[in-house]
Each structure stands twice: as C-alpha cells, then as structure tokens.
C-alpha cells in the first residue's frame, strides 16, 4: 500500500464463531479489547484507524471487497484447524473477486513447514530434535521496523462505524471479571519487555525450573498473553534477548528465556500437522488412557475446592487474574489427571481455555498431553505432590494466604495441610475444616500409587481393571457415589417438599 500509494484499511474481525464460544472467559475478552483499543490508538497516531467488524469472515469480506473497492488482502497465517479452513475459504473468495492475497507467517519465529522440511518431511517429536533443526536453519529473521506513516482514506468510511466494542456491547457475562493486572496491547507489552531487558544479569541467569510457582509477584516475564494476541513479535523478543546475552555467560535452552520461545515454536510445529491434536481419539501421538469422567471432581478442581490449599490457591489465581506460573500449571494439571483425580486432560484444556489470558490452542493442548504423560513426556512416576511442592518455594504459605484468605490465620505448619490442625487451632483461625473450607476430596497417599498402577497398565495396553488397586478403588468409588446420591436424593426430597407446599398454598388461594 505504501509503495503503490493505495489506501490501507486495518481490519479486525470479531468472528461470530469465536464470540459464541462459551469457553472464552471475561478476563481474556477484556485483554483482547484492551489490545484492540491500543492498536487503534497507535494507528490513529499514524493517520489511520482500526476497523472492527462483527460477523463471519466470509460475510465480512464479501461485503467490504465490494463496498471498499478492495484490491489486495494481507493477513497472518494461522496453524489451528478452524483457522486453516477459514483462511482457505477466504483465499477462494478473494480469488473469485480478483483480489491479490498476501499471507505471512509472523506469529512464530519460523514457519512450521520450514522446520518439517528441514527434517525431511517428518515432524520432530522431541524438543532436542527440534532444537537441532533450528540450529541448522539459523536465527529467525529480524522483525521489520515500525511504519512512520500509513496511506489512509479514513474519511471515506463513517467514523462512528466499526469501533472497538466494549464488554457490554458484546454482552459478555462480567461476573468473573478480576483485577486489571495485565492490560492488553502493544504499548504495555513493549513497556514490560523493556523493563525485563534492563535486568541483564537476571536474563543471563534465567532458568525456568529455578523460578517460583507461588511467589506473590510473577517470577517470569508474563509476556505470554502479549505473544498470544500478537501484541509483541516473538522475533523482536528473540533478537532483543540475543542482544543482551551476546558475549556474556548465560543459560542455554531449554531452560533459558530463548529456550522458552523455542518451546513455543516446538509445540506450534507439532500442533500444526497433527490431526485431532486437541483430542484423545484419533490423535496418533496421544496415549489412549481410559480416564474417568466425574463432573463433581472436575468442578471442585475448577473452583478451587479440592481441600488442598496449594492447588486451590493456584486455581483461584487462575480464575481471578487469568495468569499462573508455568510450574503452577504443572501442579494443577498433574493433580487433575494422573496424580490424583484421574480426570481427562481434555477437560483440563477446556478450563484453562476459559480462564487463561494466554490460552493458546497449540501450547495448551501440548502442555496438557505432556503433564498427563499422554505424549512428549513419559516418566509418569514423577508426580507433583499437592502438599510438598509448594513448600519448596513458600514455606510460610504466603501465597495460599493471599488467594485463600479463609486460611490466612492458620500457622505455617498447618497451612498446606489444614485438616491436620487440632480443632482448637482451627477455631482460633476462624476456619473449621469441612465446614468453612473443604476436607481433601481424595487422599493423595492413597490415590497416587493407585494411579501409578493404572498408568503402568495403560502404557502396556492392558485394562486398568487388572490393577491390584482396582477392587479397593471400585469399592471407594461406590461409597463416594452412594454419598453423592444421598446428598442428591436429600436435596431432591427437600425440593419436592417445597413444591408440594407451594402447590398446597396455590390450591388454598384458589379456594379462597
């Protein structure tokens, strides 16, 4: 547009397919709208603006190609299944209208196809293999300079149309709207990046496993939401990091900051070519493990009511703030799946997709497969303890006290296991376990060996009913089911009594 002096229109389409997805939480919607508002402001500084249109991409382009006399269309390629289908439809539509199409791969460091071609057409299935391919290819391209002006014709379109909407405009349920800790947009992303780049020693010594999952302030960059929404270029981040560590002693991938960007690339590459990457069935890289399906256990985990304070604090932070540390994600994912509750990783993906600001299809599914030992990682014997792991970096339980204020008066010796506190201490803390805060929904010491046996059998392709723990497990499940049925029947009985009373009153009033 700059070279040919054509007017340039920056368009963002709020695809009705995404808008209708109930799994997108309010905090992520707010982050997106922040990002769009920031982009609009930046474009206005260059003499242009952002046009936000709400409909299916096919309907939008069918309209604006004619109404705006569009001659060329430029967009960023996307590797997700829905996006691939959508983009192919738009390419055909553009071709039918004789519109040029320019597609660029800029959301990742490398084009995933380039990685696969470098591996003789095979998908690299380990990080080590992926890293060796990247070394052969060389550093990714440097980012382009930002434009200083944009050829525009903003006065040709009604200035009151196609504005960035609000949460109210989108009719988003704002019940779960949390504190505005992470404002979306490029401006905030660049500010956050520059602040981190000033800490050169921290960057050079950065090692992800050495950071804290339960510090009161984030111990990492928290740039993942900005990368997810395209507020910052991964190539800019990459080359800025190189400029800091060049000529200095520094950590290496996979634990370094550069290594974190390569993890992102690795999962994008595998996800881009693996059919049913977000499912168990039909997913050739996923172990076919027969997970249980217990909505009550899933809901307790989701709402932070498992009775394990560290797990519940992490899930509370996730729901309210939209971001949790990577190792905290490890803990709660392991707990839901192979560690304790034996629920499907697919169910966990959906919860993370609802609450995470940085929810990313490729990374979310890959990490859940990894942590459930369904793919990528197979040392299923390594289980995160819902009690011990958090203590390593926060003995006093300050993180728990922040996100679970009901427990803030518990002594540190009981903060991770409040059910072990004597009743007088519980009363002094103003929190009775089983009344004000739940008892553990499972006994970690009981379910851990049972689930290890299940994993061993599943890996061998044997039915988990052969497990030595299966009889006890079945008996325990029967007891739990009966308990839930008693509660359910009791609730149902109370409801029926109320209904009978209401009918009696109604009948009485009619007679009167």
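Every residue number used here counts from 1 along the chain in the order it is shown.
Using the three backbone atoms N, Cα and C, a Cβ is placed for every residue, glycine included.
According to TrEMBL:
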- 1-109: domain 'Photolyase/cryptochrome alpha/beta' (DOMAIN)
- 220-224, 260-267, 358-360: FAD binding site (BINDING)
- 291: site 'Electron transfer via tryptophanyl radical' (SITE)
- 345: site 'Electron transfer via tryptophanyl radical' (SITE)
- 368: site 'Electron transfer via tryptophanyl radical' (SITE)
- 480-512: region 'Disordered' (REGION)
Mean predicted confidence [pLDDT] for the domain 'Photolyase/cryptochrome alpha/beta' (1-109): 92
Cβ neighbours within the same chain of residue 345 (site 'Electron transfer via tryptophanyl radical') - under 8 Å, at least six residues apart: 280, 291, 333, 336, 337, 368, 369, 371, 372, 374
Sparsest-packed among the binding-site residues, when each Cβ's other Cβ atoms within 10 Å are tallied, from 222, 224: 222
Protein Cβ atoms within 10 Å of residue 291 (site 'Electron transfer via tryptophanyl radical'), excluding its own: 21
Proximal but sequence-remote residues of the same chain as residue 265 (FAD binding site) (Cβ under 8 Å, at least 6 apart): 108, 109, 110, 112, 115, 130, 134
Close in space, distant in sequence - residue 261 (FAD binding site), Cβ under 8 Å, 6 or more apart: 109, 234, 237, 238, 241
